[in-house]
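Before any comments, here is the structure.
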Amino acid sequence: MSKITKVFAREILDSRGNPTIQVDVYTLAGGFGSAIVPSGASTGSREALELRDTNTKYADNWYGQKGVMTAVDNVNNIIAPEIIGLCCKNQRLVDQKMIELDGTPNKEKLGANAILGVSLAVAKAAANELRMPLFRYLGGTNPTLMPVPMLNVINGGEHASNTLDFQEFMIMPLGFRTFKEALQAANKVFHNLAKLLKKSGFETQVGDEGGFAPNFNSHEQALDFLVDAIKESGFNPGFKGENAVAIAIDAAASDFYNGQKYVFKKLMAASLSKNQADLDEKFEFSSEELLNYYGQLLAKYPIISIEDGFAESDWQGFIAFNQKYGNNHQIVGDDLTVTNVEILKKAINLKAINSILIKLNQIGTLSETLDAIHLAQKSGMTAVISHRSGESEDTTIADLAVAVSSGQIKTGSLSRTDRIAKYNRLLVIEEYLNSYAKADYIGREVFYNLKK
């Protein structure tokens, strides 16, 4: 047994300049692991609690009382004494110890950010002690599947100060032989999109996740630019065949739901013409009307995946969406399920979705995250590994995506080092796999939840 000998947390900054927590773990046999915890802007109400310094002695340290020194203290003074001496390779024991120490359903006592930082650092320390890559430590020797990247090249919603209510417009390079070739294709689309935007007089400033954030007149206009950029790059806007590049959307509908109606508040506030001859001439939708709106988009554009198409409380909206379109399109739950096994069980029983988004900090431990992934995959769902809008140079999710053979990863656009770090890590993993066996990149086939 290799014991944990030291646990230390500190406060650092994330990609948005907000404080976050970094945890270092040391082991008796010389292992070392360090993890930085991400943070979301658009969050589900049922997520585990990210502990901030509001109304504490540290409240005035940082703008908006967003410091995390309370969580840091919880690691150094409460968690560390309890897990020092435990075996670093017994991940579930360490995680369970922290869950019991916290004693609340949503980790509000110690903070999910405190607990997750320790959980991930312990796994990294164990991998380091064994002198193996993290993805090998977590997944064993069998996983060789590289994920299809979902690149958020146009940002909206809570991730950008522009006119778009949908949060993410993504490209998925499917018709390519390797992860590197897929990333090269995405690179061409990204830069051609910038060229087309500039040519049309749009700004090319970027949002939190590195995508462009133009002030479009409609969601359709954003999708039109994506299709044009794919074609301009010499690729096929679609799902199948060589050089196919598909589109995915994260609507983040909870952010434009007022409890009764879905309202495109940002587009409405842009003082658009009521005579506009496109889908966004209507700004308010019932759940049924929004379903029909999505149907029009799916019929017109090569959209293979829609995430959080309805609000987290609108279970009937999700059920109807999945029933009508789930055979041929990926219907992803994020705010709906928040990487929580119990909520996922409900979604499975109701057939509300056919895919779950996985965010480590939504649940707060590596063990619980793996439980959610395995349950989804066992139930025939895909599990998409995801970043958060507040990120760092930490690349844990890249290793996790390969370790669990998720087949898909969401980690932003091709700008901002906090996003690029994950892609660079995946390039290294693919190279590593090819030195031992062949890394697999299967494109459209990752959607085992859809009809062929």
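Yeah, the Cβs are placed from backbone N, Cα and C, and that goes for glycine too.
Binding of (2R)-2-phosphoglycerate is attributed by Swiss-Prot to Gln167, Lys359, Arg388, Ser389, and within the candidate set Lys188, Lys195, Lys345, Lys410 the record adds Lys410 to that site.
Using the Cβ center of Asp250, Glu307, Asp334 for Mg(2+), the list of other same-chain residues with Cβ within 8 Å runs, in sequence order, Gln167, Glu168, Ile249, Ala251, Ala252, Ile306, Asp308, Val332, Gly333, Asp335, Leu357, Ser386, Lys410. The Cα atom of Lys359 ((2R)-2-phosphoglycerate binding site) lies nearest to that of Asp334, taking the recorded positions Glu209, Asp250, Glu307, Asp334 as the candidates. Taking the Cβ of Asp250 (Mg(2+) binding site) as reference, residues of its chain lying under 8 Å away and at least six apart in sequence are, in sequence order, Asn152, Gly157, Phe166, Gln167, Glu168, Met170, Ile306, Glu307, Asp308, Val332, Asp334, Lys410. With the fewest other Cβ atoms inside 10 Å of its Cβ, the least crowded of the binding-site residues Lys359, Arg388, Lys410 in this structure is Lys359.
Site extent for (2R)-2-phosphoglycerate: among the recorded binding residues Gln167, Lys359, Arg388, Ser389, Lys410, the largest C-alpha separation is 16 Å. In the three-state DSSP assignment, the secondary structure recorded for Ser389 ((2R)-2-phosphoglycerate binding site) is coil.
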